[in-house]
Amino acid sequence: MKQLFINIKELLQIREDNITKLSGAEMKELPTIKNAWLLIENDTIANYGEMSSLPKLEVDKTIDAKGKIILPGWCDSHTHIVYAGNREQEFADRINGLSYEEIANRGGGILNSAKTLQETSEEEVYRQSAKRLEEVIKLGTGAVEIKSGYGLTEEGELKMLRVIKKLQENYALPIKATFLGAHAIPREYKENPDAYMDLVIEKILPKVAKENLVEYIDIFCEKGYFSVDDTHKLLSAAKKFSLKPKIHVNQFHAIGGIQAGIEYDALSVDHLEVMRPEDIESLKGTDTMPVALPSCSLFLSIPYTPARKMLDAGLPLALASDFNPGSTPSGNMNLVVSLACIKMKMTPEEAINAATINGAYAMDLSKTHGSITRGKKANFILTKEIPSYTYLPYAFGTNAIESVFINGKIVG
Ligand SMILES: N=CN[C@@H](CCC(=O)O)C(=O)O
Ligand SMILES: [Zn+2]
């Protein structure tokens, strides 16, 4: 099946196949072709160029994209899409003055979602999660990572990971799975948190690894959750199973999680709302992708990741949604890109690079996704008629997407 898009107002994020991530000043550039054509062969980007160079081609379908822009699908490298129920009561409690931490200390927060997940059947968790996945695909997400972490028991964690596996089997976009058993200390381990770490490391982790359910390991390295010491123990155990770290660090406090992640060659360190100069320094020259989650900052009214400082220091940066029931009940990557521009002072070029090629890197997918490159998967967004790509983050809240393609097939 050959599909030819013609008269594309602008084709964004054209890269050679050796580009796997962008750092610092490189992120200011977004290579594009104006008035372009794009040829898709089955599930693959076959070729592209300026309309003036369009060769004579035999194709099955020609689509006129006059006035419209094509860009790679968003690569959302940090989500908790698999969960049960919602936490809108905590939303109301926060409006009435309680903080996220206070709610968690009262037994709400992650433990609240864990209780609901444990009480919900696997089929129902799948049904609710698939609905959310379909929603974000329609919003332009073309690759996604999903974590466990609301099970907090062997049974609950395996239930979540089986749901992720089923999503992987039933949906065409790449879905990367992460084991986040160390997301919060269950109530029954409150007096003996080390025993919970032992359970995660000695019992659940080997089982998860043996069943080949995940590629990545995660931990919420934060005061009141898991210490740097716990992080070392878990990452060192996970290394034996070749699980790469993608970890939650520096959300509320900078306690050394970034350095622990780097020590174990973390693929990414995520959140980073609180960054000390030494944290920025530690990330320099590493292969670890820093990931910012601006929708979480918006929802919790906490600081935004200091993107300008990080980019100006030469670091790379990826953007992700953090879609979850407590801190970010939204998986809308268009909003994430807008917030990055509006609140983090990233330019539209930097934000689009962060949400495509760098997001792909943070899921080990930049060889196949994240840019318009010959040979990569045909996962892309076709916009409505819009004046420019800057309009995408500018017109926040407007849905500028006409259709989404995954592996060359229209999905929404
Ligand atoms: N901070 C840790 N985990 C999630 C929130 C989990 C929740 O509140 O349910 C996050 O990334 O924001
Ligand atoms: Zn998260």
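Including glycine, each Cβ sits where the backbone N, Cα and C put it.
What you see is a predicted model, and the numbers here were worked out from it, not measured in a lab.
According to TrEMBL, the protein has these features:
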DOMAIN    69-411  domain 'Amidohydrolase-related'
BINDING   His78, His80, His248, Asp322  Zn(2+) binding site
BINDING   His78, His80, His248, Asp322  Fe(3+) binding site
BINDING   Arg87, Tyr150, His183, Gln251, Ser327  4-imidazolone-5-propanoate binding site
BINDING   Tyr150, Asn324, Gly326  N-formimidoyl-L-glutamate binding site
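Feature map: annotations from TrEMBL on the structure.
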| residue | record | DSSP class |
| --- | --- | --- |
| His78 | Zn(2+) binding site | coil |
| Arg87 | 4-imidazolone-5-propanoate binding site | coil |
| Tyr150 | 4-imidazolone-5-propanoate binding site | coil |
| His183 | 4-imidazolone-5-propanoate binding site | coil |
| His248 | Zn(2+) binding site | strand |
| Asp322 | Zn(2+) binding site | coil |
| Ser327 | 4-imidazolone-5-propanoate binding site | coil |
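When the record's N-formimidoyl-L-glutamate-binding residues Tyr150, Asn324, Gly326 are compared pairwise by CA position, the greatest distance found is 11 Å. A simple Cβ count within 10 Å picks out one of the binding-site residues Arg87, His248 as the most packed, and that one is His248. With respect to Gly326 (N-formimidoyl-L-glutamate binding site), the closest of these binding-site residues in Cα terms is Arg87, chosen from His78, Arg87, Tyr150. Among the binding-site residues Arg87, Tyr150, Asp322, Gly326, the ones whose Cβ sits under 6 Å from an atom of ligand 2 are, in sequence order, Asp322.
Selection of the binding-site residues His78, Arg87, Tyr150, Asn324 by a Cβ distance under 6 Å from ligand 1 yields, in sequence order, Asn324. Counted within 10 Å of its Cβ, the other Cβ atoms near His80 (Zn(2+) binding site) come to 28, all protein chains included.
Ranked by Cα separation from Ser327 (4-imidazolone-5-propanoate binding site), the binding-site residues His78, His80, His248 are led by His80. Straight-line distance linking the Cα atoms of His248 (Zn(2+) binding site) and Asn324 (N-formimidoyl-L-glutamate binding site), rounded to a whole number, equals 14 Å. Note: the CA-CA distance between Gln251 (4-imidazolone-5-propanoate binding site) and Asp322 (Zn(2+) binding site) rounds to 12 Å. With a cut-off of 8 Å between CB atoms and residues at least 6 apart in sequence, the same chain places Glu145, Lys147, Lys246, Ser268, Asp270, Val291, Leu293, Ala320, Ser321, Asp322, Ala362 near His78 (Zn(2+) binding site), listed in sequence order. Within the model, the domain 'Amidohydrolase-related' (69-411) shows a mean pLDDT value of 98, rounded to a whole number. Around Tyr150 (4-imidazolone-5-propanoate binding site), a 10 Å sphere centred on its CB holds 31 further CB atoms from the protein chains shown. Sequence-distant neighbours of Asn324 (N-formimidoyl-L-glutamate binding site): residues of the same chain at least 6 apart with a C-beta under 8 Å from its C-beta are Thr79, His80, Ile81, Tyr83, Ser113. By neighbour count, meaning other C-beta atoms within 10 Å, the densest spot among the binding-site residues Gln251, Ser327 is Gln251.
Residues His78, His80, His248, Asp322 make up the record's Zn(2+) site, and a Cβ search at 8 Å around their centroid adds Thr79, Lys147, Asp270, His271, Leu293, Cys296, Ala320, Phe323, Asn324, Thr328 from the same chain.
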